[in-house]
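Q: Have a look at this one.
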Amino acid sequence: MESTHLLGGSKKRVKIHPHTVTAKYATHTPYAPQPGVHTHFPQPGDDGYDDAPSFEDFGSFVEETSDRKQLTESRKWPLTLFGSRHNDKDTAHKLQTVGGGEGSEGSAKAAKGSGKGVGEQLASFGEASVSASRLTWVGLLGAALAHGSLIVLTRVASERFSLGPLFLLLVRSIVQLLSLAVPLHRGENPFGPEGYRLRLLCYGIAYSLSLCCAYSSLTFVSPGNATTTWRLATTALSATLAFLLLEERLGLADGITIAAGLCGLGLVLLPAVDETNSDSPTDPAVFWRGAFGWSLSALAGLWMALALVGYRSLKERVGVGTALFTVSWTGCLLAPASLALLQEGWSWPTSVEAWLLVLGLAACSVVAFLGMTHALTRLHPALVSASQSLEIPIAMLLHLAVLPLAPTAPEVVGSVMVILSVGWLVAMKLLPSRVGGRRQREEYEEILDSPIK
């Protein structure tokens, strides 16, 4: 398809290809329209033209175009697991609906005269974008606090009330079934929109399998080691899977920061001095029991990384309430299966304190899930997982308050590295450099000035 546009004394020929857009300029004497060539482009005020796109749309534009994702998506990964066969149809439908009549030119001029200037629009856009980013990171930090509380509450429930981890997972999944009210209230299908239900089901199964593996590992290794291994594997694998399945890359600064956080998690996993200097022979049963627990933790990280990447591909189609309900009902099916497989006994709470503890676990899990899932609509899965590494130092501090246990030197150093890495990550996102801000403003102005929308 070719289109011509008069610019000064030059003739602009634009060739639009499914993957590329090419523009050529050539000087011609008086412009004469050619028969069969479309020469109209939507102008401000026409139907389908958005003069000042919202910061959410522009934020996704900057994120997608920074690595030319859209131009190579269908060419490089036509059969990707998380790709949508409806993307091309949606894009074609949008292209067909863009445009408008000539009668709206007067209203467009009036809107230009009474509206804000580009500078004021950019300023308001920047303020709104920073405000939304702050809310996103506040939700992520709140989710990390909830995750740290979950670790401590699970350990207290196991040691003081003899409640098994998988039983706690089953109870919290049953309580979270109340989230069914959210999609019903919004008039949405609780099992997802048509055409995306299978992918939503895979997301729920991956998330529930991750929780089952993580809670099962608590039977074989200590909660601190199991959680640290789970978080380390989730962060590393989500960065890899997001690149392979979604072609979402991490920036150099983000990659260095996440690597520093992973090194801190590795220091937390270092064995204590008394364990390394032990001369007594290791029981083979104890060794294989520990190895099985570590394997379950790593497997939980793999399933969680798949779940994060899966929801990242569904962020525009599936709401947070629908995702929570999916995770809840799949957990109600997989948790009893894990209980029967590991032959973990049923132990119901027998006191009011135990029931309050279980309800507190369910509340913390809901808060953590909402914070993470909402952040996935705006941030890279690896960044979301890396921010949750704060649960390790938070759980350590809560352990000192609830279960007095002195941490080792590697645990302290590793926790400090995790705190510094997450703090630096948040600072980079909320306090962008002038160069980055100027670049985004230039791209935004280029969008507004371009005749092709």
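Cβ coordinates come from backbone N, Cα and C, glycine included.
Those TrEMBL annotations? Automatic predictions, nothing curated.
Copied straight from TrEMBL:
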REGION    90-113  region 'Disordered'
TRANSMEM  135-157  transmembrane segment
DOMAIN    140-269  domain 'EamA'
TRANSMEM  196-218  transmembrane segment
TRANSMEM  230-246  transmembrane segment
TRANSMEM  253-272  transmembrane segment
TRANSMEM  292-311  transmembrane segment
TRANSMEM  323-342  transmembrane segment
TRANSMEM  354-377  transmembrane segment
TRANSMEM  389-406  transmembrane segment
TRANSMEM  412-431  transmembrane segment
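Walk me through the surroundings of each of these features.
A: Taken together, the residues in the domain 'EamA' (140-269) have a mean pLDDT of 91 on the 0 to 100 scale.
Panel annotation: around the transmembrane segment (196-218), residues 82, 84, 154, 158, 165-166, 168-169, 173, 226-227, 229-230, 293-294, 296-297, 299-304, 306-307, 310-311, 313-314, 317-318, 322-323, 326-327, 329-331, 333-335, 338, 342 of the same chain, lying at least six beyond its termini, place a Cβ under 8 Å from a Cβ of the stretch.
Listed as Cβ neighbours of the transmembrane segment (230-246) (distance under 8 Å, sequence separation of 6 or more from its ends, same chain) are residues 77, 80-82, 210, 214, 217, 255, 258, 261-262, 265-266, 269, 297-298, 300-302, 304-306, 308-309, 312-313, 380-382, 384-386, 388-389, 391-392.
Tertiary neighbourhood of the transmembrane segment (292-311): same-chain residues 82, 199, 202-203, 206-207, 209-214, 216-217, 219-221, 225-227, 229-234, 236-238, 240-242, 245-246, 318, 323, 372-373, 376, 381, 384-385, selected by CB-CB distance under 8 Å and a gap of 6+ residues from either end.
Long-range Cβ contacts of the transmembrane segment (354-377) within its own chain (Cβ-Cβ under 8 Å, at least 6 residues beyond either end) map to 136-137, 139-140, 142-144, 146-147, 149-150, 153-154, 156-157, 161, 163, 168, 171-172, 175-176, 179, 308, 311-312, 315-316, 320, 323-324, 327, 384, 387-388.
Nonlocal intrachain contacts for the transmembrane segment (412-431), taken as residues 6+ away from its ends with a CB within less than 8 angstroms of a stretch CB, comprise 130, 133-134, 137, 141, 144, 253-254, 257-258, 260-261, 263-270, 383, 386-387, 389-390, 392-393, 396.
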Q: By Cβ distance under 8 Å, which residues at least 6 away from the ends of the transmembrane segment (253-272) in the same chain are close to it?
A: 224-225, 228-229, 231-232, 235-236, 239, 380, 382-383, 386, 389, 392, 408, 410-411, 413-418, 420-422, 424-425, 428
Q: Checking distant contacts: for the transmembrane segment (323-342), what same-chain residues at least six beyond its ends satisfy Cβ-Cβ under 8 A?
A: 164, 166-167, 169-170, 172-174, 176-177, 179-180, 182-183, 190-192, 200-201, 203-205, 207-209, 211-212, 215-216, 219, 311, 314, 366, 369-370, 373
Q: Summarise the domain 'EamA' (140-269) as counts of helix, strand and coil residues per DSSP.
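A: Residue counts for the domain 'EamA' (140-269) by secondary structure: 104 helix, 0 strand, 26 coil.
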